[in-house]
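Have a look at the structure below before the remarks.
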Amino acid sequence: MRIGHGFDVHAFGGEGPIIIGGVRIPYEKGLLAHSDGDVALHALTDALLGAAALGDIGKLFPDTDPAFKGADSRELLREAWRRIQAKGYTLGNVDVTIIAQAPKMLPHIPQMRVFIAEDLGCHMDDVNVKATTTEKLGFTGRGEGIACEAVALLMKAAK
C-alpha cells in the first residue's frame, strides 16, 4: 500500500463562478489560476501522483505550458490516473477536505463525489469529500481564497 498527500490553494480574483471537485458553483468571485482553478481536483491529483511516486501536478502539467491554460481539471485527473494505472496501481480510497469560508460546499459534495468516482473508475464508497472552515482565521477565513487537502491510498494490482 502507498499513501499520497496533496495540497492546493487558489486566491479569489475576477468574477465567478468557481469550479470545485468538477462542479460549477455559483459565486460572485472567481479563482485565479492557470487552469480552471479546481483546488479539490488539483490536491487530489497531487495525492494520487505522490502515492505513485510520479511527482506532482506541476511536473505533469506545468503552468508555464500554454497548452494547459484554462485546462479542465477533470481531464488532468483522468490523464494522471491513466499514468498511475500504467504503473500497476489500483485505488484503495481517496479523502478530500475543502477549506473555505464561502461559498458553502455541502450542497455540491454529492456531485463532486460522483465526478471523482467517474474519473477514477471507482465506486462512490471509495471517494469521500468534506468541507470545513477555519472559523474566519487565516486567508481562507478572511475570504481571500480556497484551500484543499487530499489523501489517496493506492495498492499494487494483483498480477
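Numbers run from 1 along the shown chain.
Note: Cβ is positioned from N, Cα and C throughout, glycine not excepted.
The divalent metal cation binding site annotation in Swiss-Prot covers Asp8, His10, His42. Of all Cβ atoms in the protein chains displayed, 27 besides its own lie within 10 Å of the Cβ of His42 (divalent metal cation binding site).
Listed in sequence order, the residues of the same chain lying 6 or more apart from Phe61 (4-CDP-2-C-methyl-D-erythritol 2-phosphate binding site) and placing their CB within less than 8 Å of its CB are Ser35, Phe68, Ala71, Leu76, Glu79. Annotation source Swiss-Prot lists 4-CDP-2-C-methyl-D-erythritol 2-phosphate binding site at 8-10, 34-35, 56-58, 61-65, 100-106, 132-135, Phe139, Arg142.
Annotated site 'Transition state stabilizer' per Swiss-Prot: His34 (among others), in sequence order. DSSP assigns His34 (site 'Transition state stabilizer') to coil in the three-state reduction, outside any helix or strand. The Cβ of His34 (site 'Transition state stabilizer') lies under 8 Å from the Cβ of Asp63, Phe68, Lys69, Gly70, Ala71, each on the same chain and at least six residues away in sequence.
Residues within less than 8 Å, Cβ to Cβ, of Thr133 (site 'Transition state stabilizer') and separated from it by at least 6 positions along the same chain comprise Ile99, Ala100, Gln101, Thr140, Gly141. For Thr133 (among others), the entry in Swiss-Prot reads site 'Transition state stabilizer', with the evidence type sequence analysis.
Each residue contributes its Cα atom, and for Thr132 (4-CDP-2-C-methyl-D-erythritol 2-phosphate binding site) and Asp8 (divalent metal cation binding site) those atoms are 15 Å apart. Of Asp8, His10, His42, all annotated as binding-site residues, the residue with the shortest Cα distance to Pro103 (4-CDP-2-C-methyl-D-erythritol 2-phosphate binding site) is His10.
Within the set of binding-site residues Asp8, His10, His42, the entry lying nearest in space to Asp65 (4-CDP-2-C-methyl-D-erythritol 2-phosphate binding site) is His42 (CA atoms). Here the binding-site residues are Asp8, Asp65, and the one whose Cβ sees the fewest other Cβ atoms within 10 Å is Asp65.
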